[in-house]
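Trainee: These came from TrEMBL, pasted as-is:
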| type | residues | note |
| --- | --- | --- |
| DOMAIN | 118-192 | domain 'Apple' |
| TRANSMEM | 222-247 | transmembrane segment |
| REGION | 263-286 | region 'Disordered' |
| COMPBIAS | 270-281 | compositional bias 'Acidic residues' |
| DOMAIN | 304-601 | domain 'Protein kinase' |
| BINDING | K332 | ATP binding site |
| REGION | 503-523 | region 'Disordered' |
| REGION | 637-662 | region 'Disordered' |
Amino acid sequence: MATNITGLNLYSTEGKVVLHVVLPTSDFRIVKLDSTGRFHVFSYSAANASSILGDEFTAPTSSCDLPFPCQSLGVCTAGANDSTCSCPARFVHLESGNCSPANGSLPPSSSSTSSASCGGDSDLATSYIQLGSGIDYFANKFASPATSGNDISACQNLCTGNCTCLGFFYRNSSKSCYLMRNQLGSLFKRNAGETWSSIGYIKTLVSGSSPPNSGGTSKTHLIAILLPTVAAFLLSFVVVTAGIIWWKRLTTKEINLGRHKSSKTASLGTDDDESTDENDGGSDILIPGLPTRFTYKELEAATNYFRNKIGSGGFGAVYKGELPDRTTVAVKRIECAGLQGRKEFCTEIAIIGNIRHVNLVRLRGFCAQGSRRLLVYEYMNRSSLDRSLFGVGPALEWQERVDIAGGAARGLAYLHAGCDHKIIHCDVKPENILLHDGGQVKISDFGLAKLLSPEQSGLFTTMRGTRGYLAPEWLTNAAISDRTDVYSFGMVLLEIVHGRKNRSGASEEGEEEEEGSGSGWSSAAAAGGGYFPLVALEGHEEGRYLQLADQRLEGRVREEEVARVVKLALCCLHEEPRLRPSMAVVVGMLEGNMEVWEPKVESLNFLRLYGRGFMEPPAAVGGGGGSERVGGVAALAGGDDTASRTSAVTGHVADGSGSSNS
């Protein structure tokens, strides 16, 4: 499946178009499958640069075609304006909203249904309740039949012998058998004009000693007698158990306080605290939708006792490992488990674990055992962009650089506009752009990311990022928005163009680079005071774009190609966030679907101050008068150290690290 400026195309395995949905001409599109099962196509038009992404195509249009328009086994009936839900005949509504058999037999959603149907309970027998006429299952519209050409008894036997089968539909015209497995969604009422017909049956469990309809009155009286007794016993058991647990925890806490009251770091928890490793499985950070949970010993074995270190950052090192299924992974070991480290860990689990995008690193699992915190990522075998861009190996070709920039831009655009909640990365830099064979490009390290609701989109308290990529709004109390990521991406674009750090003489480790490294600066760069964004601005004003390109390319790039990327990078660096393009617009410009904006030089004059501020001595920071301003500018134009800002704005806290998973 793919979208372009003309519409939506569905391809066969041979690469042929089997379905084409014509849509209005658009400069940029994003497709999204939401949590309800609806498929959306959003578009953006350059004619109105301030507009947001518009929903121009949605399928299915009827809510009755979704998996859960009603509760389990509810019948959805489509209406002129809205749909209604009801229970099938022989079923009644429960307090939970689900539908259950009226004859008292066990419903198919019960956990005992599958175990008993597999022979786990000899006192229960499998039975079936027929659904009314004109009722069908949503999945039957696109699922393949389990069998064809057999009678209905063979279909029933197939469901009875299958532990995961919860019911079946039999279509008379084609003698096809459709099974409903694992979980039951909603049913729907067929339209009167549909000629094909099918009959459905729901699997239930009944007592083997008597049919479900017999002894109903005596069973009701028995339940009325036993229920209060059982409830009183369970309540007493829960109260006693809770009291014992509370007493043990209180006693343990008093012992630990007496043992460690002189230690300042005891409350943070360290790797030396082995007493809780076996008992604490991370139950205090339960979050719905968590990925696979690993034990510390499993990850210790996967990484060969953490011997193959492939990267490091502010919150710990990253190690290469291999899971039992032979999958290569990158294991990030959080070495600082204090308040910020713990918040970063929980943020990464909640955000990355439920996001799937081709340009975002996937979180495969985690470990939260005792004081140990580890994250398990998919492995990117070409490491991070900074090693390919600033290293001593062969220089990246121009088209490869543009492809990398496009992949990173698409990942950020999805974080900003494609998720259910807006996500701001806050630490966009080459170290957090990972590469893999086949041209795969993925954004990593969501330790600084923060889910924003619309009313919270401008509120942060404690934020961390990497100097040299921080936007000007970090020097003020201005709101931090998705345009902050756009600024950082613009800085990365300039480094991609030139093949070196924007700050002269800074390497990945913050040390002096050796002369003759093969990616030397031009004379224009030297004249610019060692701050390449200022050099790029002056080159743009004078029309000297080719001199800004990496000299290792040796003329293998045209000046108009460099000019297009440099102009786009400068547009991302506008001092006013509202003047910067969104990441969706950046993607359109990089892919050539939109004209590149002309940079507003008057909004880039602050780069001249940044260039001069970079040359100021460190003693200027915190001084009086204008020295404090210049010192702050020098900090933003600096190297790779971590900078932080605390704002007086009341809001939510988002922490992170400068680490990468490779």
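Note that Cβ sites are derived from N, Cα and C of the backbone, with glycine treated the same way.
Are these features on the surface or tucked inside, and what are their neighbours?
Mentor: Counting residues per DSSP class in helix, strand and coil order gives 13 helix, 28 strand, 34 coil for the domain 'Apple' (118-192).
DSSP assigns K332 (ATP binding site) to a strand in the three-state reduction.
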Trainee: Over the domain 'Apple' (118-192), what does the predicted model average in pLDDT?
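Mentor: It averages 83.
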